[in-house]
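J.: My questions will all concern the structure given below.
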Amino acid sequence: MEDKRNIQIIEWEHLDKKKFYVFGVAMTMMIRVSVYPFTLIRTRLQVQKGKSLYHGTFDAFIKILRADGITGLYRGFLVNTFTLISGQCYVTTYELTRKFVADYSQSNTVKSLVAGGSASLVAQSITVPIDVVSQHLMMQRKGEKMGRFQVRGNLEGQGIVAFGQTKDIIKQILRADGLRGFYRGYVASLLTYIPNSAVWWPFYHFYAEQLSYLCPKECPHIVFQAISGPLAAATASILTNPMDVIRTRVQVEGKNSIILTFRQLMAEEGPWGLMKGLSARIISATPSTIVIVVGYESLKKLSLRPELVDSRHW
């Protein structure tokens, strides 16, 4: 009899691809809506000098809400939705790479590490220009200027004004940096997200496997996976947050050198400066990762080819 503690991994060849992509886009959009405010807060915390504006995640949340209302927490969101494309490229690359690596190694850790890193490389090549624009939009606030660029007119961020702000930011980036400006921080992004993705997947499967041995056999696999996702996200966030802080500063402040940005940060704020925004990152990652993991694993189960639905204990 099959041991229910053995968590079966649904691979690329098991999926009905049409269902996989349709359900995947809907799931990704819902996740982005729920976690975007904390992405915005994390970005502002990482860019500010010391605690000049906000004293932490909760303080930033309250101040932004009071100053700009709920729309203030969603500045740049419309532009950020274009990352749905990179999201689908990410999962496709991840699954296809796992399938390719399986021809050379059956180790799940090896498959997860190589596939996670490769998927992030592809996704970041698409995401960085979108991130650059959306991050500058995140920096728009009433009162003191936070980023390099300031949009003209009001900052209500509603209707066509939001698109007007996007157009204004794009023009300013082009005037200041040319097309290269849209890939500012690309290397820093790769150094942040490739390790983050490469670390997350092996830890996710590791934690799920360990939990499966600690819990009763009758416990549904989705429970292990829902707990393992945030644990893996917290682990990856702690390991990669220093590079994430540097990446954000390079992109928003227009710096050209990762090393000089690192030295300046260390000189101004010391080692703790490398941990800025970590709590916001973990707070945003925890619920989002639970939703992502439960959604992604459920998505793969819903997308199983009909003949495989009842064949194993997924």
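The backbone N, Cα and C atoms fix where each Cβ goes, and this holds for glycine too.
Nobody curates TrEMBL annotations by hand; they come from automatic prediction.
I grabbed these lines from TrEMBL:
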REPEAT    18-100  repeat 'Solcar'
TRANSMEM  20-41  transmembrane segment
REPEAT    107-210  repeat 'Solcar'
REPEAT    220-302  repeat 'Solcar'
J.: Please indicate, using numbers and ranges, the residues of the same chain that are 6 or more beyond the transmembrane segment (20-41) and have a C-beta under 8 Å from a C-beta there.
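T.: Answer is 54, 57, 60-61, 64, 73-77, 80-81, 83-84, 87-88, 91, 138, 277, 280-281, 283-284, 287-288, 291-292, 295-296, 299-300, 302-303.
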J.: By DSSP assignment, list the helix, strand and coil residue numbers for the repeat 'Solcar' (220-302), in that order.
T.: 75 helix, 0 strand, 8 coil
J.: Tally the residues of the repeat 'Solcar' (18-100) by DSSP class, grouping H, G and I as helix, E and B as strand, and everything else as coil.
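T.: Residue counts for the repeat 'Solcar' (18-100) by secondary structure: 69 helix, 0 strand, 14 coil.
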